[in-house]
Amino acid sequence: MEIIEKLVATPGEVYKPSSPFLAEVIETRRLTPAGSADDIRHIVLSIKGSKIQYMEGQSVGIVAPGLREDGKPQKVRLYSIASARCGELGCDLGGHPESVTLCVKRVIYTDPETGKEVRGLASNHLCDAKLGQKLQLTGPTGRKFLLPADDSVPLIMIAAGTGIAPFRAFIKHIYHEKGGWNGSVKLFYGAKTGLETLYMNDESNDIGQYYTEETFAAFKALSRASNQPKTYVQDKIAAQKDQLWPLISTGRFCLYICGLKGIEEGVSKVMSAWAKEEGKDWEQLKEEFEKSGRWNVEVY
Ligand SMILES: Cc1cc2nc3c(=O)[nH]c(=O)nc-3n(C[C@H](O)[C@H](O)[C@H](O)COP(=O)(O)OP(=O)(O)OC[C@H]3O[C@@H](n4cnc5c(N)ncnc54)[C@H](O)[C@@H]3O)c2cc1C
């Protein structure tokens, strides 16, 4: 199976944890309306003055302040870049993006052993950051979760929660910066309710504005909406077998999965059943898809 060539970034500066870039917060707002229990924010950081070049699908790192128990700096946490290569503000005269956008969920959970509330270090640092505050940024990183160089390759994007971030970047680049995609572009998105459908709700409709594009189709699955049956991304994928299996069985696709751990399993189960109907070995097929750059997964 031939390799799917991916787009690569023009070489720029890559910041290491030992010497991070100080990026200023220039926008921070909630993407989930007040009625949602999830605090998920759209955070734009200025990278003006850096020589960073990034591509859609890459991530940056954030180093929270303070030291670990062993006296070492905090470990880097990765966040997918939600802006396309020109950033939210465009590029400077040298062609470097002036900003990088993140879509961050505030992690808060109850420790099952102590019963105490635990706040994730970097996500709370990011979500609490005020305008003008400087954050320690590393990267950009990522060499696989990138768009194909050939725009006739059909794209299948599958996300849950903040996993939408790299797809916002893909879709913005394709329809806003590039002016279209020759292959089809399908987005499957899972959220709890309409309140958590990021970039496709009343708070922000960045992705919704491309619904009218001829090559674009979006399928939303809501797992906890009170007014309709529970659906998950794999249910929406199963319902699109006629559209998807001809692409997958012939290797004419590039598929991406991003977000919650576990979504790959659900997707794989559906496709494994399709393969079985034709007497094909799904595990072997998937391995070939991974090796050739067709099956790209970034879950956390
Ligand atoms: C490639 C990549 C891209 C990513 N992109 C994004 C992104 O776009 N947006 C985003 O919000 N995050 C993203 N993440 C996740 C992010 O890197 C952090 O892991 C996340 O924000 C938590 O970091 P923290 O410092 O807040 O929490 P930490 O202080 O690191 O605490 C998290 C720890 O708490 C545990 N934990 C979390 N929830 C619970 C729970 N309910 N019950 C019990 N234990 C729990 C986890 O197992 C983990 O050990 C990405 C991760 C990767 C690897």
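One is the number of the first residue shown, and numbering goes on along the chain from there.
Note that Cβ sites are derived from N, Cα and C of the backbone, with glycine treated the same way.
Just so you know, TrEMBL annotations never went through curation; they're auto-generated.
Per TrEMBL, the candidate among Glu287, Glu288, Glu290, Glu298 that belongs to the NADP(+) site alongside Ser80, Lys105, Thr162, Ser223, Arg224, Lys230, Gly259, Leu260 is Glu298. Fewest other C-beta atoms within 10 angstroms, among the binding-site residues Ser80, Thr162, are seen around Thr162. Secondary structure from DSSP puts Thr162 (NADP(+) binding site) in a helix. Long-range Cβ contacts of Gly259 (NADP(+) binding site) within its own chain (separation 6+, distance under 8 Å): Ala159, Ala160, Gly161, Thr162, Gly163, Ile164, Gly190, Val299, Tyr300. Shown are the binding-site residues Arg224, Glu298; of these, the residue with the fewest other Cβ atoms within 10 Å is Arg224. Proximity to ligand 1 at the level of Cβ atoms, with a cut-off under 6 angstroms, picks out Thr162 from the binding-site residues Thr162, Arg224, Gly259.
According to DSSP, Arg224 (NADP(+) binding site) is assigned to coil rather than to any helix or strand.
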